[in-house]
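Some features that Swiss-Prot has for this protein:
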COMPBIAS  24-36  compositional bias 'Low complexity'
COMPBIAS  44-55  compositional bias 'Low complexity'
COMPBIAS  56-75  compositional bias 'Pro residues'
COMPBIAS  76-85  compositional bias 'Low complexity'
COMPBIAS  93-104  compositional bias 'Low complexity'
COMPBIAS  105-124  compositional bias 'Pro residues'
COMPBIAS  125-137  compositional bias 'Low complexity'
DISULFID  Cys152-Cys161  disulfide bond
DISULFID  Cys218-Cys268  disulfide bond
CARBOHYD  Asn141  N-linked glycosylation site
CARBOHYD  Asn153  N-linked glycosylation site
CARBOHYD  Asn185  N-linked glycosylation site
CARBOHYD  Asn200  N-linked glycosylation site
REGION    24-141  region 'Disordered'
SIGNAL    1-25  signal peptide
Amino acid sequence: MNILSQTQILHLSIAILLFITTSSSSLSPSSSSPSLSPSPPSSSPSSAPPSSLSPSSPPPLSLSPSSPPPPPPSSSPLSSLSPSLSPSPPSSSPSSAPPSSLSPSSPPPLSLSPSSPPPPPPSSSPLSSLSPSSSSSTYSNQTNLDYIKTSCNITLYKTICYNSLSPYASTIRSNPQKLAVIALNLTLSSAKSASKFVKNISHGGGLTRLEVVAVADCVEEIGDSVTSLQDSIRELDSINYKDSAKFEMVMSDVETWVSAALTNDDTCMDGFSLVKTAVKDLVRRHVVEVARLTSNALALINMYASTQENFS
C-alpha cells in the first residue's frame, strides 16, 4: 500500500503541477486578458461591447414608457384627451362640443311651449260658444213642449194630442195658429188613410149586403170629412187676425167645417150598427183614430179663436 507504482506517481505529479499552474495564473495581477477583467467594462463608458451588453440600461429603456405618463398630465396631449375622459371640463366649458350637441334638449320645451297655449283657447271658446246655444236650444225646446202639453190639456184625448204634436214643437213654438194648422194637417192625413182603407174593403168583394151599404156610406162620409178639413186648413193658414171682423167670420167657418168632419166620422160608424162581422172592427179602428184627432183639432181651434178674440 505504501508502495506506489511508477504510473501512479507520474499521474499525481502531473496533477499537482497543473493545480499549481492554475492557481498561479488566476492569482497573477499582471494578467493581460481583457475579456476576463471585470474592471475595464465598468470603468470604460465609451466601449461599445459593454454598452450593448450592459443589462442595466435596457431595463430603463423598456420601462421608460411608464415614466412619461406622470409628466404628460400637465402636457397638451393629455389636455386634448381630457374632454373625453374627464366629465367636468365639458360641463364647465360652455364652448365644448358635448353641451352644444345636448342643446337640442332645450328646444323640445320651446317646441312644446306653443302646444300649451292652444289648449286654453279651444277649451274656452268652444264651451263659451256651445254653452249658450245648447242651453238656449234646450230651454227653447222644453218651452215649446210645455206649451204643447198645456194646450193639449183642454182636449178630450190628451195623450194622443201631445204624442202627435210634440214632434213638431220646434215649428209650433208658442204659436196657437201653427198649433191649430198642424193639428188639422195631422187629422187630414189620417182621414185620407182611412178613406183609402175603406175603399179597398169595398172593392175587395165577399161582403154581405149590410156590409156593402155600410162601407159605401162610410166612404162618402170620410170623403166629406177630407174636404171639410182641406177647406179649414186653407182658410186657417191664410187668416188675417188683425182684421177682427174677418177673423171671427173665418174662425166660425173653420169651426163649422171641423165639427162637420167630426159628425161625418160618427155617421160612418153608425152605419155599422147592424154589422157584426170583422169588417166593422177594421173600419172602426181607422175611423176612430180620425175622429179623435178631429176632436182634438177642434178644441185647439176653439182655443186659438178665443185667444185672438180676447186679444182684440
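For all residues, glycine too, the Cβ spot is worked out from N, Cα and C.
A simple Cβ count within 10 Å picks out one of the glycosylation sites Asn141, Asn153, Asn185, Asn200 as the most packed, and that one is Asn185. Checked against Asn141 (N-linked glycosylation site) by C-alpha proximity, the recorded positions Cys152, Asn153, Asn200, Cys218, Cys268 yield Cys152 as the nearest. Neighbour counts of Cβ atoms within 10 Å were taken for the disulfide-bonded residues Cys152, Cys161, Cys268; the minimum is at Cys152.
Cys152 (disulfide bond) sits 26 Å from Cys268 (disulfide bond), taking the CA atoms of both as reference points.
The separation of Asn185 (N-linked glycosylation site) from Cys218 (disulfide bond), Cα to Cα, is 21 Å. Calculated from their C-alpha atoms, the gap between Asn153 (N-linked glycosylation site) and Cys161 (disulfide bond) amounts to 9 Å. The recorded positions shown are Cys161, Asn200, Cys268; of these, the one with its CA atom nearest the CA of Asn185 (N-linked glycosylation site) is Cys161. Reported as a whole number, the C-alpha separation between Cys161 (disulfide bond) and Cys268 (disulfide bond) equals 23 Å. Look at Asn153 (N-linked glycosylation site): DSSP puts it in coil. Put simply, Asn200 (N-linked glycosylation site) is 16 Å from Cys268 (disulfide bond) when counted between their Cα atoms. Secondary structure at Asn141 (N-linked glycosylation site), taken from DSSP and collapsed to helix, strand or coil, is helix. A 10 Å cutoff on Cβ-Cβ distances gives Cys218 (disulfide bond) a total of 28 other Cβ atoms nearby, all chains included.
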